[in-house]
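Notes follow the structure.
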Amino acid sequence: MSAGADTKGSHSTAVEEPPLKAHTIFSERRKICCILTCTSMTFLGPVASTVYFPALGPLAEALGVSHSDINLTLTSYKLIQALAPLLTASASDKKGRRPIFLWCLLVFLGSNIGLALQTNFVALLLLRCLQSFGSSSVTIVSGAAITDLVTRGERGKYMVYSSLGLNAGMAIGPIIGGILTQFWGWRSIFWFLVVITSVPFLIVVSLFPETCRSIVGDGSIPPQRWNRNISELLRPKDGRPINHETQATFKRRPSVWNTLRILWDRHILLLATCSALFASGVTIVLATIPTMMERKYEFNPLQVGLCYIPYAVGSLTTRWTAGSLVDWNFKRHASRVGILTEPNRQFPQQLQLIPVEKARLELLLPFLYLSSVIMVAYGWTMNYPIHLSGPLVLLFFLGNGTAGVNSIISTLMVDLHINQPGSVLAAANAFKNLCGAAAAAAAKRPTLRTIEQPAIY
């Protein structure tokens, strides 16, 4: 399989290992802080999407429009969510992660302030598009920034954090939205988004370093002065040696077209198709929870929102299931070819000998099949008089499996295009979100709702 800009190396079974240099000069503590900041930013997009659901009725009433009109704001959000990263991710691979973070977080902040103050439907629709542009771009670039910091041998456990923000946002957004709308009105959900966005924005301005390897390499190359955080501007030079050998280069200049061209790589296309089809099924499950819980258990909106908690908790546990297993399997394959993997250490000759595709797919397929079985089982439980604990337990395991599948697919895709992680994640994201939008629309169609639930799943 081709890897975007991989270095050619020896294919002999015995490797004379050169002295291993650090993959990044950042300490483990600073690396974890950066990854947690990225996780908080991946949380913004899905929570902005789902926290809005409980406010649809009050918004339609307040603005004097129909529910069909309000649903246009959902469609437009999903469309921009699919396409916006195509513009920003390729730019982040060339210009750096921090400029994109700052610009998109500002757009997201401004749009939420506008949404909290707007008084007509046109403003709501346009500001939702801006909100989606800012949040979706930050989500994809956060995944790319995590990739900058970790080696392939550690990528399993760390890439999981990118999925955690996504899954947690989808699951707890309706709960937060229901509480805020019920007690403080629909405008409070946008002020809530302003508050939670301000925290990562201030961290990026003051502390978050540039991580893009085409700009700073392993972190030893100083970025442009305008691309430094406040602490770097105030801190004197430490005299650390600069390692230009770690600076990434491109065969093609990053652009929107070249981002889309990545999908022509048959390996990436197959992975993106798998991710999109699986995400469509999960989207149908999550989109139909309110209707099914209200009909089967006669729940009110707050009780329905609480039913998303098992899914969120399940996704949080992926760090100790899929994340640990992915790294363990990579080390197992490395040891088979006589390579000892070390934290924060790797060199290209090693990577040419390790069958990374096999190492990832051996775990992807079990997670994918198991999650599909759980999805079908969930459909059956919702069609028969089964205690509430049944579907909730299945939602927990579905959350764990979904985060595992997403994490492993993302990990393998960036393994194959290691110097353009933002571009490859953006291309796959566009494909997945367009399919997800179609699935969400289909789940709401009256003809689909007349089909027996097990048949749908």
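If you go along the chain as it appears here, the first residue is 1 and each next one adds 1.
Cβ coordinates are placed from backbone N, Cα and C, and glycine is handled just like the others.
What TrEMBL says about this protein:
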DOMAIN    34-457  domain 'Major facilitator superfamily (MFS) profile'
TRANSMEM  100-127  transmembrane segment
TRANSMEM  133-151  transmembrane segment
TRANSMEM  158-183  transmembrane segment
TRANSMEM  189-208  transmembrane segment
TRANSMEM  268-289  transmembrane segment
TRANSMEM  301-322  transmembrane segment
TRANSMEM  363-380  transmembrane segment
TRANSMEM  392-414  transmembrane segment
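Remark: the transmembrane segment (100-127) makes no contact with the transmembrane segment (268-289), by the rule of 3 or more CB pairs under 8 A.
The stretch from 189-208, 268-289, 301-322, 363-380, 392-414 with the most CB pairs below 8 A to the transmembrane segment (158-183) is 301-322. With a threshold of 8 Å between CB atoms, the same-chain residues lying at least 6 positions outside the transmembrane segment (189-208) that come near it are 33-34, 37, 40-41, 43-44, 47-48, 51-52, 55, 98, 101-102, 105-106, 108-109, 112-113, 115-116, 176-177, 180-181, 229-231.
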